[in-house]
Amino acid sequence: MSSTENPDSVAAARELEALRAEASALRRQLAESPEQLREMESRVDSLSIRNTKLMDTLKEARQQLIALREEVDRLGQPPSGYGVLLGVHDDQTVDVFTSGRKMRLTCSPNVDAETLKLGQTVRLNEALTIVEAGNFERVGEISTLREVLDDGQRALVVGHADEERIVWLAEPLATVFEESERESVAYDAESPTRKLRPGDSLLVDTKAGYAFERIPKAEVEDLVLEEVPDVHYDDIGGLGRQIEQIRDAVELPFLHKDLFHEYELRPPKGVLLYGPPGCGKTLIAKAVANSLAKKIAEARGQDSKEAKSYFLNIKGPELLNKFVGETERHIRLIFQRAREKASEGTPVIVFFDEMDSIFRTRGSGVSSDVETTVVPQLLSEIDGVEGLENVIVIGASNREDMIDPAILRPGRLDVKIKIERPDAESAQDIFSKYLVETLPVHSDDLAEFGGDRTACIRVMIERVVDRMYAESEENRFLEVTYANGDKEVLYFKDFNSGAMIQNIVDRAKKYAIKSVLDTGAPGLRVQHLFDSIVDEFSENEDLPNTTNPDDWARISGKKGERIVYIRTLVTGKNASASRAIDTESNTGQYL
């Protein structure tokens, strides 16, 4: 430093330099402060997010602790008991059957004793207080109702081994329609709320002594078909006379009761339809039920679409049961069902198909004598103490000679109608039900009649019937030898039936479909029907019974002199040579 410099100026220069450095530092700090601020703000945001997550975690943990505490409390609760409500008292106490004991208990404040119903299931806590009302019991033993006692709250039922007991009726059973109410509502005999009748199956808790529910009889449901059949008289061909007979026997008494009463004429109790298989016996019975329902609906001023009648179609062979008395019990249940339906004023037809399988002549059984008790059961139902108002029995059989004579006498099955095999005129009528104008007809056949479809179908039917009923060599079926030595040639027309005619038409339709697939030419032809006739005849070659030709002939509708020998005479497409059928001395069972 120069000697001439002033010390004060030097100090001032240093101070100035220090101030400049401090100012520069302040400028740097001022420049860096926004970045620090942003960093601090970022840290604050991060801490806030962590704080929120920690709060959510704590809240979730608190909820889990509460749920676990509730689960621990629930698992630590003593078990609840159940009982059946027997009675409610004015002091809000109730009688309950629980654990094999009858106890008087109190209700929780959450349960209103006035809303409890007799027979209802209730839940009890550890202090034997009712804390909840449940439903009625759904499982138990099945017992048969013998009668409802005079108080209307109890019933006499029969359980296993004919053990009788008195039970209370739970509220669903105790609440029944009165006679006046049944007239004002649409009363259904199968409704769960209908009046109980002897023979009903009830769900019973024998320990609590309560009956809870009426159970439908499954065994009877399997044996009967309740419906208005969708079959009309117009659907049946070739049986005009027989249809008129059965209409006179069944419809007139229902539709004109006043005239029958005026002339003191008792309506028939039953009708027997007999004849060869496949000739329309079941169809007629169904058509009667349909027609009767519509006629009664019209007489009452109701819409025919609302027509109501009942057709109980009994599956005959299924009635037979290996256990003694079961068949008779089913017959009783069936007629009980018929009386229930008829009590509504609705006609009921009880139709026994294959009647000879159930009610054959007593003493004729080869390996069993079940008919000795089944036949009297039917007789007692038809003309027993309880009348069959609005109920008519229709039986069908192709072996009427095997039905017990007591069933066929007047006063039981009064009217007997034979369903004959169709003759040529009847066959044309039957063909017209299946060969209708809506079917496709081959153009060549239509061209023969100038495109007149009606004339073409009519002539087609005439040609087919002429082919079927011609006594020609190709139509010969059997040569039978009678016991007196006489011989007779039987033709296929002697064994024709409505079912066979339907089968022939179905075969022809199949031929027409195959023709379309092969040639592309659509339509039914007369030749298709001719081929179907040959096929049908050929398939029947082996049908004559080889064991007892006389029984087979009876079923087929050929009665008279006893047949001892049969020889087939089938010729034509795919037919085998004529052959003899040996008969055995020990005839055994037919078919």
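Every residue number used here counts from 1 along the chain in the order it is shown.
A Cβ is built for glycine as well, from the same backbone N, Cα and C atoms used for every other residue.
The predicted model assigns the coiled coil (8-77) a mean pLDDT of 82. Summarising the annotation, Swiss-Prot assigns coiled coil to 8-77 and lists sequence analysis as the type of evidence.
Within 10 Å of the C-beta atom of Leu283 (ATP binding site) sit 22 other C-beta atoms, taking all shown protein chains into account. Residues annotated as ATP binding site in Swiss-Prot, with sequence analysis given as evidence: Gly278, Cys279, Gly280, Lys281, Thr282, Leu283.
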- [ ] Excluding Gly278, Cys279, Gly280, Lys281, Thr282, Leu283, please set out which residues of the same chain place their CB within 8 Å of the center of the CB atoms of the ATP site, keeping sequence order.
- [x] Leu273, Gly275, Pro277, Ile284, Ala396, Ile419, Ser497, Gly498, Ala499
Open item on the list: Let me make sure I understand the structure: which of the binding-site residues listed (Gly278, Gly280) has the fewest other Cβ atoms within 10 A of its Cβ?
Closed with: Gly278
Open item on the list: If I restrict to non-local contacts, at least six residues apart, and a C-beta distance under 8 angstroms, what lies near Cys279 (ATP binding site) in its own chain?
Closed with: Leu239, Ile419, Glu420, Arg421, Pro422, Ser497, Gly498, Ala499
